[in-house]
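Structure, as structure tokens:
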Ligand code: SAM
């Protein structure tokens, strides 16, 4: 197995720059390295991720997490934030993706990592303390319930969601949590025009619009990915999100 620290991480500097017009600082590189090692260690007890090869980890967990927010960082899409410390949420974060890399990269955001599995969140809490990431916090719960709680509903500027469900379920989990003008980023692998048509219908019912769909290839394995950007344009009707399980069982 390649050693992740040298020469792999330094050699990625050019790829970060060429693909995202961004480079991690030395401190961020250290955090990424530590994150990788802690996840490998955690994998011995918990089934956190199958991606353990260093290059694959870099591409699928680190690079992919930050690729989703690239159009915001570059200004390609409008991202009006309501304060100097915008509120982000990562729904179904699992082992902390995309939320932990985003929390490392954007120090001024406050990001909440939500997952329904307590043991994953307990593990993430250990990681956050090791990485000294004070802008990242955790929450145990189901998106369907959290989206109905006044302390979370319509409180976030940005909602991220990767590998949690169908497009319409992801829309139903994210849009109720967003403030008006807020943005949801849905990370996908393959995506088709038919899926866009179905998603547009769901998103409209939830008070949003599909603002942008980006197709791209990953820099090492040349895999196809899509990111869907949904804008919240009006309040989400109170009946959404529906009860636990309904967004997947009866998709909008
Ligand atoms: N986002 C991570 C990633 O891309 O590596 C993890 C994806 S994992 C396949 C899906 C995660 O979503 C699991 O950790 C699961 O517990 C969580 N999850 C599924 N449905 C959820 C819901 N309705 N509310 C909160 N978390 C949920």
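A Cβ is built for glycine as well, from the same backbone N, Cα and C atoms used for every other residue.
Among the candidates 153, 155, 162, the residue that TrEMBL annotates alongside 92, 97, 115, 116, 117, 143, 144 as binding S-adenosyl-L-methionine is 162. Under a cutoff of 8 A between CB atoms, and with a sequence separation of 6+ in the same chain, the neighbours of residue 143 (S-adenosyl-L-methionine binding site) are 91, 92, 114, 116, 164, 173, 174, 177, 241. Taking each of the binding-site residues 116, 117 in turn and counting other Cβ atoms within 10 Å of its Cβ gives the largest count for 116. Counted over all residue pairs in 92, 97, 115, 116, 117, 143, 144, 162, the record's binders of S-adenosyl-L-methionine, the longest Cα to Cα distance measures 20 angstrom.
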